[in-house]
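Here is what TrEMBL records for this protein:
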| type | residues | note |
| --- | --- | --- |
| COMPBIAS | A:1-12 | compositional bias 'Basic and acidic residues' |
| DOMAIN | A:55-450 | domain 'Oligosaccharyl transferase STT3 N-terminal' |
| DOMAIN | A:551-607 | domain 'STT3/PglB/AglB core' |
| REGION | A:1-30 | region 'Disordered' |
| TRANSMEM | A:54-76 | transmembrane segment |
| TRANSMEM | A:120-140 | transmembrane segment |
| TRANSMEM | A:152-172 | transmembrane segment |
| TRANSMEM | A:178-196 | transmembrane segment |
| TRANSMEM | A:246-266 | transmembrane segment |
| TRANSMEM | A:273-293 | transmembrane segment |
| TRANSMEM | A:305-323 | transmembrane segment |
| TRANSMEM | A:335-356 | transmembrane segment |
| TRANSMEM | A:390-412 | transmembrane segment |
| TRANSMEM | A:419-437 | transmembrane segment |
| TRANSMEM | A:485-508 | transmembrane segment |
């Protein structure tokens, strides 16, 4: 009983220390200190500090295990395969790195993409992901653990999710206390917002970038707290890893200066802050320019100007503080006026110089607007760039999105330097998550941290033992909480957490574990039907076409064709050249003869399209067709007009009432070639040629192709490949000309 | 503006000469030297042009970085600031200084091309 008394005593002190402090006191030292004291006093629970660290270690290990396991649904259900589209390019690059070495990878010019332009891969890619996977592969093979590079790539993201949980634990522990840290680690291990981009098989930048982000923020908070250059250099090195991993590093290089600026405004300037930010800016700047893709952007583009501006401001502020300490008020005022006029003169001259040379940074092109660009159709067409709905917030974050404002309130109420940082992080992340679905990922870590803080505060308040305090309150006094309400609230909170865990697992299993390369459907009796059409078609291409054949398809499939079929493609998911994509779009939307001219000029050998009419697959090329038309119209407005493809009533129809331009364009012909004869469903009341995706009987059943011939159609007609015929040797003569020659 | 600027500056210099310890004065001399090297590099760039830009940047950032790190060292070993840096002893400050310089110069040498 005695040791329980001291243990709860420590808890009271810890909760008072964490809850009631005003200046930077959320440190776990109090718990550890009185834990040690409790061990000395009593004889029961020896070394509570040891038990505490064992408990933390076990919880973190279990969080890593939970995060790893819940990402394995796709691997268990299907196989260990790279998912989606972008990861195929990353996989192909990593394969190139592991077979050819680091310098070959850095200087790689890929002539099998974007024919005939090619792509400078070394200079247009963030190498962190490939280098990480390549390094792990190299080390394992060095130890004679022969793992194939594909397996390293597939399982990299789940392993890094465990590391993300640990760095979130460290960051939250710096902000609040150890209990909140453990809760945050558990949250981020299973939260669907993060899982969506880091399942096993999703070999993409975000898998390692979120770990680098959290770790950089942890080191930044640590360096602001201690003012030591060692932690700041650690932060710079972590920032360098983040720059190599993801384009989202711009978020860090804007959030940290914003933090410094707000601290200056709040009159919380301190020498530790000066040391931390100045060192971080300079060493981080030169480190970030080592990545070829980033190059000289940190001193040229407007996204990085905020950091430079705050750096200059901080130098001036620190120098003024130094002078203020040495001089009297009057002397300081004299110098201050002189300094301000000098600074104004310098700024004026700089503005004149910049406008004269025309190099003004385009301020509206700043970070906020960049993410909200909706005027370029190719950016607007990507589904991940759509604005976020309320449903997505709840779907991805469940109960955390409701408790996160409470955590934010607790942080603001007990403000100190590092809690200002997390408040700014929360506000900016909420803004970005509202703009684009894809940026929900940046919101997830901060929501996990702040919800953990909220839950931790609530639990501390309601789990503390009132009866064992120094002066236990009287039985029916208004102070202290009755045991009933405490257990009710604790039960409620635990139920919420359990429902959260169930929801996360359900969402991961149903929504985020599909490889997209292999489709599965379920019959009436529950048995599974696997549709492996994509891989069937890509392997046909790989084995039955010439090695230097060029394949034209819409840009979505470019990476997969390059990765699985190993053929040269015209456009792929990198979408860096809008005119080239518009050319392909024009070829798909024009009639066969005009398209043939374009295909001849681009040396196309095969055309690949996706057609979902037989099985009802809704992601096929006819459904994407209007985007092709819009993109082509953007570059060739005289040849392609979107309104031509609609009926006079303004509908998009593929049946007999559809517009003649649509019924004669290349995409329509390729999709529905020979489809008119096909009895799609077993039910003979539906006519042949019934498109199950559009729920319409197609208009033009008798399609004849002049310049293309069908090369391959997959089992369920999902992928259709056509060969482009070469020009005929001799032009066919007209009968009239023949007669005039003979006579 | 009751006092002239010159008077203020001369008084400041007098006070600086008398009240700063020798250790800090050595660091201040080093700071002045670094400032001059940075200024000369910038002047050279203005006169001769920015090709090769990465070399100029690496040299200039090396100067600025050394300056900042020396300022940080000066702040950390100043006994008047002891209250701010409870966990950083002067020896630790110097060790951090060396570590930071190692990292900075490794990157600068890589960047200089």
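Residue numbers in this text run from 1 along the chain shown.
Cβ from N, Cα, C; glycine included.
All annotation found in TrEMBL is predicted automatically rather than curated by experts.
Counted with DSSP, the domain 'STT3/PglB/AglB core' (A:551-607) comes out as 33 helix, 7 strand, 17 coil.
Pairs of Cβ atoms less than 8 Å apart link the transmembrane segment (A:178-196) most often to A:485-508, out of A:246-266, A:335-356, A:419-437, A:485-508.
Here the transmembrane segment (A:273-293) has long-range neighbours at 106, 122-127, 220, 223-224, 227-229, 231-233, 235-237, 239-240, 243-244, 249, 253, 256-257, 260, 263, 299, 307-308, 310-311, 314-315, 318, 417, meaning same-chain residues at least 6 beyond its ends whose C-beta is under 8 angstroms from one of its own. Scored on C-beta pairs under 8 angstroms, the neighbour of the transmembrane segment (A:419-437) with the top count among A:246-266, A:305-323, A:390-412, A:485-508 is A:246-266. With respect to Cβ pairs under 8 Å, the transmembrane segment (A:390-412) is most closely packed against A:485-508, considering the stretches A:54-76, A:152-172, A:305-323, A:335-356, A:485-508.
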